[in-house]
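Trainee: I'd like to ask some things about the structure below.
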Amino acid sequence: MRAYRAGLMAAVAAAGLVVPATPVVAAGHAVPPPVSSRSTAAGYGGAVATVDATATAVGRDVLRSGGNAVDAAVAAAATLGVTEPFSAGIGGGGFFVYYDARSKRVHTIDGRESAPASTRRDTFVDPATGQPYAFEEARISGLSVGVPGTLLTWEAALRKWGTRSLAASLRPAIRAADKGFAVDATFRQQVLENAAVFAQFAPTAQLFLPDGRAPEVGSTHRNPDLADTYRLISRRGVEAFYEGPIGADIAAAVQDPPVADSPPRPWPYLIRPGGLTTTDLAGYELRFPAPTHSSYRGYDIYGMSTPSSGGTAVGEALNIMERFDLRHTPPAKALSVHLDASALAFADRDAYVGDDTHPRVLRELLSDRYAATRAVVQPDSALPKPTAPGELSDPYGSVRPPTAATSGEKAKSTTNLTVADRWGNVVEYTLTIEQTGGNAMVVPGRGFLLNNELTDFSFAQRAGALPDPNLPAPGKRPRSSMSPTVVLDDGEPFLAVGSPGGATIITTVLQILFNRIDRGMSLSEAVAAPRASQRNSDTPVAEPAFIAEYESELVALGQPAFRPIAELGAATAIEFQDQRRLVAVAEPIRRGGGSAAVLCPAPNGACGAVDGGITVTSSPGAPR
Ligand code: GLU
């Protein structure tokens with residue numbers, strides 16, 4: 001495998017495709033740090049990539065002061081709760097994937113929101129009409145709020161694999177919330193997009209619409225309530241949230257939404273209460289599922305199992321693609337194979353994957369034997385879309401597939417981060433509150449938004465279709481597309497990658513892997529390259545640059561024309577090269593550009609000179 005990669009890199013270098021190493025981000029100060037928005041950083045000793053310069057700097061500072069990848073990931077995630085409050089925070093959930101250098105094993109935490117005990121199969125059906133609610137009607141309500149898992153995820157990750165306390169990990173975020181940070185164009189834009197719904201709730205309007213207006217770019221945004229919430233958690237532990245006053249406030253907000261007295265603009269729907277209780281919060285449990293595993297051209301691909309469909313869909317598509325020599329296939333034909341593999345994987349994902357899909361079904365979906373039955377793909381002639389799900393040997397137990405694809409478009413919410421430490425440990429973490437702005441309710445006095453994750457359930461069984469694996473039920477977790485992925489090469493990390501983007505997360509992660517492994521791109525190029533998303537649809541979406549470059553050739557091969565979409569995803573990734581060199585990559589442009597940092601520009605020694613002295617002391621993980 002090393003040989004495959006070396007050969008590929010040689011070919012890339014010969015073709016002049018390597019992006020020159022970007023200078024590393026220089027060492028900063030405590031929060032709020034000097035902001036750098038470099039999207040690629042290469043070097044040694046540890047690396048961080050997030051969507052946000054403040055969070056990246058916090059993660060880097062934790063690594064620099066001796067913390068490991070888990071410590072840095074939790075501190076960065078807590079900071080994202082402050083600086084990216086519309087995408088993620090303690091009101092939501094996520095999936096944490098951890099590669100442990102000592103054991104060379106990949107572990108996962110499923111911190112997905114779960115449905116309260118009061119959830120019914122018809123929770124998202126309007127009793128007055130018998131029809132499913134409109135999406136926004138369901139979203140902006142208490143009905144959409146699942147029991148959050150993010151805070152417990154942080155606590156468990158630190159306890160199992162970290163070296164620092166939760167209180168220490170929240171400290172930089174508390175500083176950021178107290179002192180404030182400069183509003184950027186993305187933050188302002190996300191408020192503007194949500195202005196109508198944020199105005200419906202008094203605490204949300206107070207926090208994010210000061211004087212009734214979205215904060216100006218360059219103004220300072222502070223969140224003292226969130227600082228106090230984090231401080232309370234620091235003092236009293238996660239119990240303050242799951243069994244204490246914060247949880248009581250969450251349940252109260254869900255059951256009696258904190259609507260504003262006279263919002264400037266009326267909202268067209270009734271704002272319905274939900275049934276989440278303090279008992280639901282007290283009963284929430286993390287899960288620690290085995291990662292999904294498949295192989296691709298000799299690499300081991302580890303991803304997230306159910307309730308995410310990410311691990312199986314990415315793995316199945318790669319298994320189908322692996323049957324073709326895509327490195328030596330002309331670009332448009334290779335892309336056509338990739339798009340068809342993605343469509344087939346989505347047909348199966350929609351039909352078979354939900355929270356309670358049997359592990360046997362997941363194993364079959366990820367098997368090469370099954371991929372062989374799905375390899376109806378031909379480089380010269382595209383599959384008609386939508387295509388039917390495949391035939392599994394014993395597919396459903398009690399669950400049967402629907403008859404057609406159901407994947408919808410999603411807004412640009414959620415966030416992803418990637419961290420590696422000097423010991424070789426790696427974290428790939430995707431966390432979300434579902435839509436940008438979640439359900440738009442800030443918990444009164446607590447400074448964070450609630451999720452609307454339960455709208456990831458199918459709202460209703462479609463008439464005439466076979467049973468849907470993703471219908472709501474008490475305690476069930478809605479199907480996700482989040483795809484934090486760690487790729488190993490002979491047991492050592494090669495790549496870690498993830499992205500937001502709803503169901504397009506799967507296609508973004510898949511496309512980055514395809515770009516990097518098969519298309520001769522460096523990791524920076526693989527992330528920056530224009531994207532398309534084929535989710536078993538006859539109207540797939542693609543970014544304008546992708547359409548300009550490939551659409552005519554793809555249509556000539558029988559692929560459907562693309563619907564333009566401004567951007568897909570907001571990925572972060574790290575590549576692990578020979579001699580422990582790390583390349584951390586965030587988006588150069590999408591969602592305003594992300595931020596990547598490494599600890600040292602050169603192998604140890606030079607690092608001390610730049611960063612004011614890194615001392616490598618006792619190791620929380622084995623040296624590689
Ligand atoms: N709720 C989505 C999921 O779990 C993620 C939302 C997004 O990325 O836009 O798949």
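Glycine residues also receive a Cβ, built from the backbone N, Cα and C atoms like all the rest.
Sharing the features that TrEMBL gives for it:
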type	residues	note
SIGNAL	1-26	signal peptide
BINDING	Arg112, Asp456, Ser480, Ser481, Gly502	L-glutamate binding site
REGION	378-413	region 'Disordered'
ACT_SITE	Thr414	active site, nucleophile
Trainee: Give me the sequence-ordered set of same-chain residues, not including Arg112, Asp456, Ser480, Ser481, Gly502, with a C-beta within 8 angstroms of the centroid of the L-glutamate site's C-beta atoms.
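Mentor: Other same-chain residues with Cβ inside the cutoff are Pro307, Ser308, Ser309, Thr432, Glu434, Glu453, Pro478, Arg479, Met482, Ala503, Ile505.
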Trainee: For the L-glutamate site as recorded (Arg112, Asp456, Ser480, Ser481, Gly502), determine the largest distance between any two Cα atoms, in Å, rounded to the nearest integer.
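Mentor: Greatest Cα-Cα span of the listed binding residues: 14 Å.
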Trainee: What Cα-Cα separation, expressed in whole Å, is found between Ser481 (L-glutamate binding site) and Thr414 (active site, nucleophile)?
Mentor: 11
Trainee: Roughly how many Å lie between the Cα atoms of Asp456 (L-glutamate binding site) and the residue listed as 'active site, nucleophile', rounded to a whole value?
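Mentor: Each residue's Cα considered, Asp456 (L-glutamate binding site) and the residue listed as 'active site, nucleophile' end up 13 Å apart.
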Trainee: What recorded positions among Arg112, Thr414, Asp456, Ser480, Ser481 have a C-beta sitting less than 6 Å from any atom of ligand 1?
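Mentor: Passing the 6 Å Cβ check against ligand 1: Thr414, Asp456, Ser480, Ser481.
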Trainee: Determine, to the nearest whole angstrom, how far the Cα atom of the residue listed as 'active site, nucleophile' is from the Cα atom of Ser480 (L-glutamate binding site).
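Mentor: Counting only the Cα atoms, the answer is 12 Å.
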Trainee: Per DSSP, to which secondary structure element type does Ser481 (L-glutamate binding site) belong, with helix, strand and coil as the options?
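Mentor: Its secondary structure by DSSP: coil.
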